[in-house]
Amino acid sequence: MAGGNITDDDELAFHVGIELREISMSDNDDLEEPSKTMKTSITPFVLAFSNLSYSLNTCTEMTFSSIFYRKDTKKMPKSSKEKILLNDISGEAREGEILAILGPSGSGKSTLIDALANRISNESLKGCVTMNGEFLESGLLKVISAYVMQDDLLFPMLTVEETLMFSAEFRLPRSISKSKKMARVQDVMDELGLLRAANTLIGDEGLRGISGGERRRVSIGVDIIHDPIVLFLDEPTSGLDSSCAFMVVKVLQRIARSGRIVIMSIHQPSSRVVGLFDQMIFLSQGETVYYGSPNHLSLFLSDFGHPVPENEDITEFMLDLYRGLEGIPGGTKSIVEFNKLRQKLAENQQFNSDYSNMLGVSIKQPIIVRGKLIDSNFMHTAQTSSISKFANPFWVEIIILVKRSLTNSKRMPKVFLLQLGAVAFVGCIFASVYWQLDKSQVGIKERIGLFAMIVTTIWFGSIEVLAVFLQERYIFMRETAYNSYRHSSYVLYHSILVIASLFIYSILLASLTFSPIGLGGGFPGFFFYFLAIFASFWTANSFVSLVSGLVSLVVVGYIVVLTTVAAFLQFSGFFIPRDRIASFWIWLHYISAMKYPYQAILLNEFDIPNMCVVEGIAPDKSCLVTGSDIVRKHDAADLSKWSCLWITLAMGVFYRILLYIALLFGCKNKRK
């Protein structure tokens, strides 16, 4: 259904399709079983975790006297309290199965998912996570796993097929042909039930696109495009109705049955959804109150002395039971201890399973053996060298990023046209207000005021980058968390796109103001004037982008940018000459990114040999004010105009380097 919206009838059709497929699979068990056996016999994986513990220090009380206590003093007042998020949690997730982590809000579900996905620093997390008995290194885990966040972070103006195709280009090696990548995309869409929505836009709040359930499946598809062994999902059914939630988990069951480990957290599933789980972990305040099969939960509750009433949903009864116990001091201790005792009794049977017998099988070789999408060249590379963190070289990543951004942007031409219109409007305002300034004392003063106004307007106009960059940054964090592309590739791609658009804005603003205002210098003067405006745009955009990489809230970003721009403007040399600035503030004059473009434009206009700006009265007509006089009066003779231009451009590059560092160390998606 190209370009159309997906209706409720389509959701119903997908639901019916799943049911028919189930019937078909059950009728052909004899045909399906050999392939399943063959896949399992190659490498049945098991992800085991034991004694996972994680805690945080929360600030409770800090007295003035406590600041002066030495750390080794026993009488030192406590300034923090330890909050336990995970407490001695063990279990295993097996290939072909879904392990569901359940519990109320604050029980530790997302924390456990993060612990298993190596999103908690090794210094803070205690315990061990292994795959087939082998310790999982961070780099290797990123290669063999995928993490689906709770929020659907997707580009709204891309179609479902385009979204998955760009993901394939990021996550699959360049050696794989485009036709094979497209075939993989088609397979994923078929697996997720998205073929009918392939050509439909993702959409957002302002543009109707695919449904909520389909958005969630697209998010899953983006992360399984490279055929990972382990799939982590943080509440994939959040915000969905019961029907969509069931369909999403049904898709996850098919993904697991195809030979993957699926680990997901979920808040309060329906009985139909629970029926799709193979193993469940119920958490309460960071502790395990039940671990095992959904089929054994009723027996567990009966043995615990709380049999499930007739016609009562078992899962809801379990959640209500220990939520009630949580309100009593030490209330959950009994059920936690009962679960531990039960686990000890079943430990031998559980850990001597067929899966556990495969412990010791190296997990690096199966990455190659099971690589259905990997061609012979890539297999040879993987066998002869260490597994690469990234599927493509950085220049390929830049090309893909630019292509994706242009594809998304060309469907939103209003944004670019509005920005272009804003620049044109400002240019026309300047041209009409300062039309053909004369060469008088007043005209000189107005010219200089205009130069400062142009630079200031450029900086304040660049603040809009904040909202756009911060919105895209969350997609960047998700994609770089599992090595879709490098941080450096993202910064370079962003710079390339910015330079192209800023070039257009600069030539437009320069053309609308240079001749109408009556600026001198001919074509060389106009060319340098354009370069100075472009350099100011570039530096302003780079600085605002840097702030966007440092903060996480738009409001905070606005405060930082506005405060900094005000300081830059105050010490730029326009309001207060350099020789009038106090010595303890002079450093602000030299780091002001508005000083140099303002000074460059001023020098371009007045720093001309033998230039007479104001002539005397006839008949003598001696020169009263020269260009050099104006330059000296405004204390702008310390640098040449070209030096000011290069410094401005270099500042923009410096801010971009700082942006790269900020993104590299500040967007790790990892808890302390």
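Note: Cβ is positioned from N, Cα and C throughout, glycine not excepted.
As recorded in TrEMBL:
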- 62-310: domain 'ABC transporter' (DOMAIN)
- 416-437: transmembrane segment (TRANSMEM)
- 449-470: transmembrane segment (TRANSMEM)
- 490-510: transmembrane segment (TRANSMEM)
- 517-540: transmembrane segment (TRANSMEM)
- 546-569: transmembrane segment (TRANSMEM)
- 581-598: transmembrane segment (TRANSMEM)
- 645-667: transmembrane segment (TRANSMEM)
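Of the recorded ranges 416-437, 449-470, 546-569, 581-598, 645-667, the transmembrane segment (517-540) has the largest number of C-beta contacts under 8 angstroms with 645-667. Taking pairs at least six residues apart, the transmembrane segment (581-598) and the transmembrane segment (490-510) share fewer than three Cβ pairs below 8 Å and do not count as touching. For the transmembrane segment (416-437), the residues of the chain that approach it from at least six positions outside its boundaries are 409, 443, 446-447, 450, 453-454, 457, 461, 464, 501, 504-505, 508-509, 511-513, 516-518, judged by C-beta separation under 8 angstroms.
Note on the transmembrane segment (449-470): residues 419, 422-423, 426, 430, 434, 437, 509, 513, 517, 533, 536-537, 540-541, 543-545, 547-549, 551-554, 557-558, 561-562, 565, 568-569, 572, 574, 594, 597-598, 601-602, 605 of its chain, located 6 or more positions outside it, place their CB under 8 angstroms from a CB of the stretch. Beyond the ends of the transmembrane segment (546-569), by six or more residues, the same chain brings 452, 456, 459-460, 463, 465-467, 469-470, 473, 575, 588, 592-595, 655-656, 658-659, 662-663, 666-667 to within a C-beta distance below 8 angstroms of the stretch.
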